[in-house]
């Protein structure tokens, strides 16, 4: 920016009156490598935010006029001092001190340039600035640039007014300032639409649909204006506001209700874009004369569908009234705009959609009153009112009171540790508005209403906004989340009742029959089978009781009808529980078989069994339910009916709720998933009966008939009948397996059905490059059919131009796809050239296929011709044309060569010679004399010379003369070969050309072919031809392996395959749905710094080195890309950072991927706008000077803006900007760079400001939207919030919620920041969005589109590969089967696309209540389904996704997911879905959500039940007696029964979906190979270990809570986790349980070996030993360098130091065992009394060891007296007492009475020796007994420790807590030693460490790891390797 002007001398303003605050010694934080000038404007303290624009202007004009910049800074300083003269705000003192120092320096260094004084200087500069930039720029500059200039001008004038006394401001300056003030509102920073800009307008505002929508919104005819009575002393601002006009209906609404200016601007653009996108569909530009009436009506119906439903539910008339003769469209738009304005300012209240309905209901009524109840309304005249409205009125009076209720309730959860029943979450508060009593709140809101009672605890006065009343805690609404496993039964009672009844029936049939299921028809057996209804009655009674008990805390909020229903349900269930057993007891005396029962059904009822009648009545409701199940439309109508009879029936069937009505599927879907489950249940129950239950019947009868008298311990019930203890021990594991094996059957059936479904969907049809080559000819047509608009795809043009258009369109997209992969370094330059389709494809007569298809075709054709011996051309041509690719290659090469030679030759005579040669060739081919006129033997030599000629032509040169001479020499060789070796009569042809020359007489006798145009290939298109011809001639090997990169192959084959899958046809761009992408971001990595790239770990491995070894081919490609000499070192460094960051899970990678949508849209728009002229790529069109092409591009970009918005919600961006932390500051800088790099990227963040008022600085919060502009971010919208938005709920959904108001369009894709996208997939998005328009069976449209994911982290390590395969199977075959046929797919986060309008009017895309909604994404799916949504899944498009790649991050992630599923189990959503789904859909729902985790836990419990049962049988002697008394046949049956369950612990069946999906997409041979490789890499160990993670965290969550978000880091695994770290992470979840199972297995082996077959023992327990090994050692097997000796030594030292540290306040858990131990017990502080009792009960199992083992000791002398057990406790307690005495003695006497302490220890030692001697000599104690005693007492001590932890408070009161702590430390040492010892032994052997490295990482990295260790620091630094 330049300015030059002259001014007259003027006395300067006195600068001596500066405000000079007291100097502070602190300065601003030093941030190296940052521009100081940029710093002061971007780091302004939040309380001084208003001076930031002034400092920005100073920075902008600094180079232009330093003196004026100084005056700006001085003005900013003065303003800051006035705002906070005491410097009390955070960071204010430091900032002012810094600024003062800078001003002192600049006052001396800067001098006026345009005048002699500062007043004249700034006036002259202002005038110059206005004339040069504003006056001239209005017609030439873009609105965005003008907005920046007007802002600068406004700031300059403010500064000018402080520098220049008002009387001395000249008239010209004032006139300019008035002009700026008048027009400034037109030039504000805009988001997408510069609506009020004048001058040069972007193409988007010239679109007719935008104009029509804008015109409709600006229709303010007859809208009355509010006129407020103002007092005489009212401020000027209020008077200005009173006289301000409104330009559109949103501003009118704001003037009436007090909406914020930023919100109005945001929603104005929002509604205009919605209207424009909807209105243009199926219209052309020529048809435009305004909005279609249907456009607004459809938008209104969609927006208010939930509101209409709410009104109907509450029996209220909707307040959407349209009186006669009103402007319907205007009123419709007013209602829509009102709703969106309410929603836009609702903040956290957006999670309460019915609360928003309530607010809208009353405000819509107010609107109607204003418009049609005032007499002035008809004429639009102003009306008088006394209420003063400002722009925060709505926020202050409506949203803030509700927000305060939400916030106060959230505080009661105590950071997620309080019980859910103690506070009301979002759902409770929203469901308050499902009842008509919500209208008691009134309007305006009555803040004394009961809704606003929020807490027993009074909030401090200064925090109470709007004086919300306080009182007793309000009860929960409709549901209470209670921590108990009974939720599983309560939520899915029908399933459990079915399983129990089926189990009972099978046992009865097996017990009483011959073994065949047909025995059920026997009359006696059938009578007994009927007892299942008695069981059902008891279970129904249990369900009714649970409903009452678990909802009791919400009864105060229940209606009387709800309470009555619960009580009646209990009463009826109790009646049946009494009546059926009595009836059955009576019927036993009157036998009746099934035949008699059915044959005499119509006989005299008095002769019937009363039990039969009772059962008939009992099951009649179920029969009715079955009928309704078969007719879902009827059930749907009943659920939504208002008829009294039907309402009574439905009242009894299920509680009346606003959600969950009408969820039943259509008949076809019903048939599909019912068939699925019937087949599955038949298979499961048959297997259960014949394999599990029936084989156990005879052994059970045998056991029950045996009389065991010889017990080996003190048996409390020696005379118990039927050996019931043994029966329970044998049957318990079988029952548990029965309850969980449906999960395995589901895995089998879902694999089969998913595989079949995938095959019918055409998945995997093109999965290799060979398949791609074979079908490539059909790809352009498939592309045109699927990815081009219908009118283009279905053209009937039979001429060549139609096909040529298809090829052109395809080539543009294909080439962009290939180029994008080159930019990503997936392919090399050579691969790129081989894959590109030429853009000049119309130059030859054949289709120009990519060279990789034509590779080696020319050399083969040349060899074929050379070896051809026959006499006819036709045979040779037949051979060539038999291969279509060879035919194309030959024709194209010949025709291209002709064009190139003709273009190269500058001499006309030379050109005539070559034309004569080519004419001869054409003539010979035409006359079929080619083999006669040409010598075929010369073709190979010609080919070689041409190849050499083309390679020289393409080479770079320094000396033009040398280069030209080489080129001419080779070209002359080519001509010589043609004329002498190839042509039979070549000299005659050359002579003929000379003779026919028109200037033959003047033709010089000079050397031919010397004039060659060597500059030809500087033309890009000619160079492309030469490169392509060179490839065709030079590539002699087959290009079957092109591209070589596996990821590139996968992407190419998937894209090609997807073109043949079933996807909707592509619409025109203007017809497609508009959409947004939303990515929540917190503090994750954005872009790696150079320091992070090169920082080495303990092994000398940096991230860069690691990635070079993982991606060696991509690194090579990257280095090739950097060879450009034009690149600066700074650019290379930046490219390196990007290269690494794009291979991590960074925000930069995600943003790049999502911006591919924009690139794809621009290309699609360009193709449509340019039509037949779209022959260039977008990049070529941008570089073109063609005005038409530029106009096409401008319009294409406008359409892309109209259709696509990308918002990244960087919640703490504002804090990162001002942070002194290096990482945070780096994140800010990198996010800013992303905004500048991608102009269409938007960043939303929560801005925290301190606004000084009344000597206080309260924090005020804003939602702010930014975009990149110039060098900084530019603020677009700022919307004030009622409070901190992220403090209330879970972080991610709150982050999404605050930013969702800035999204646009009809669809919204949610993307996490560990995701990626691909250009070729982005091209399909408009097809996917068409799925929203497709009506399915039942006239339902989808509300969520599920998309396939590709896990891109699979190549990082073996663990990453396992996780990748597991996750891939879930996101493909898993979700495929969930969507169809099971119809229970929900939202699992990440790439799903939402119907945006549907979801923003129903609570958003996720739920956010603290803890209960930890897995926030799936609750979005639950909510959508409950509210009538429909979720689909589509696999023809994929989105990239990263996963954790190390064991610890994976385990933390699995723990979070297990926690989330535990919380889901308690939630109201799961309860409602479990009850509202029909039986089979409920089964699908259970086994695909929480059922999977409960089944995992049951698998572990089965192992426990089996081993504890075996231990009981072994220790009691029962097993020995049974085996002694049983006959051989009985013994064999028992062994078979014991062994059957072992197959269920192998877990291999759970990998079936993985194998099926790999087989489907990569071939079953690959799947089998991958499966075996995974087993060799110990995948089974990993999956078994994860089983422990799932079961532990799921169980603990339900019992005790403690769920929380667990960040995993998503980094690279290039570090070694220390033993102590692994121990802390896995101690309680795996190690303790693994050691317990180890102890059980040892006891089972030791005390049962004497009478049992060792083979049987091994067969039964092999899977358990495997589980123990996996749980104990997997963390070390999968730990990098886990078996390196030095690392092992260091780990041991670190672990000992950690264990011995005494801890203290503030000591982190990784530094002290005591701190960790205390944190590990946190869950016990917050658990309820049920959790404590259960914890103690579970701990009692450890006493069994001591009880069983002491009776096995030789010293017990076979005594079975209970006294033996009592004496063992005496021994134990004595030992503990002695240890306590030693500990106390050391503490009290160890220092002052050292001698006494030593004597005491000596006496104790002598006493111990004496006692042991007596025991060995007198009591026959043996060493075996001693070992067994240790085995007995260790579990007992652990049980004491566990109980002590639960009873911490009373134990502390007794003063023995320190003893408990020391006992805990001793056990940690023992456990650590047991686990560490095998690791230490294996570490002795170097081969183990080498094997582990190859196990963990691929071969390249393993080799790299070894090299780095050998070189020991001498390896080249990776950071410099790219230079």
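Each Cβ is built from the backbone N, Cα and C atoms, and glycine gets one as well.
Curation plays no part in TrEMBL annotations; they are all automatic predictions.
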Per TrEMBL, the range holding transmembrane segment, considering 1633-1655, 1656-1678, 1679-1701: 1656-1678
495-512, 513-530, 585-602 - the range that TrEMBL marks as transmembrane segment: 495-512
Which range of 532-554, 647-669, 693-715 is transmembrane segment, per TrEMBL: 532-554
Tally of DSSP helical, extended and coil residues in the domain '1,3-beta-glucan synthase component FKS1-like' (330-446): 81 helix, 3 strand, 33 coil
Local confidence of the prediction over the domain '1,3-beta-glucan synthase component FKS1-like' (330-446), expressed as mean pLDDT: 88
Cβ-based contact of the transmembrane segment (1733-1750) with the transmembrane segment (1829-1847), 3 or more pairs under 8 Å: yes
Best-contacting stretch, by C-beta pairs under 8 Å, relative to the transmembrane segment (566-584) and drawn from 495-512, 532-554, 720-739, 1485-1507, 1829-1847: 532-554
For the transmembrane segment (1485-1507): best-contacting stretch of 532-554, 720-739, 1762-1782, by Cβ pairs under 8 Å: 720-739
Long-range environment of the transmembrane segment (670-691) - Cβ separation under 8 angstroms, sequence gap at least 6: 502-503, 506, 509-510, 517, 629-630, 632, 664, 738, 741-742, 745-746, 749, 753, 1380-1383, 1478, 1480-1481, 1483-1484, 1540
Which of 495-512, 532-554, 610-631, 1762-1782 contacts the transmembrane segment (720-739) most, counting Cβ pairs under 8 Å: 495-512
Sequence-remote partners of the transmembrane segment (610-631) [C-beta within less than 8 Å, at least six residues beyond its ends]: 530, 533, 536-537, 576, 579-580, 583-584, 586-587, 592, 597, 638, 653, 670, 1478-1479
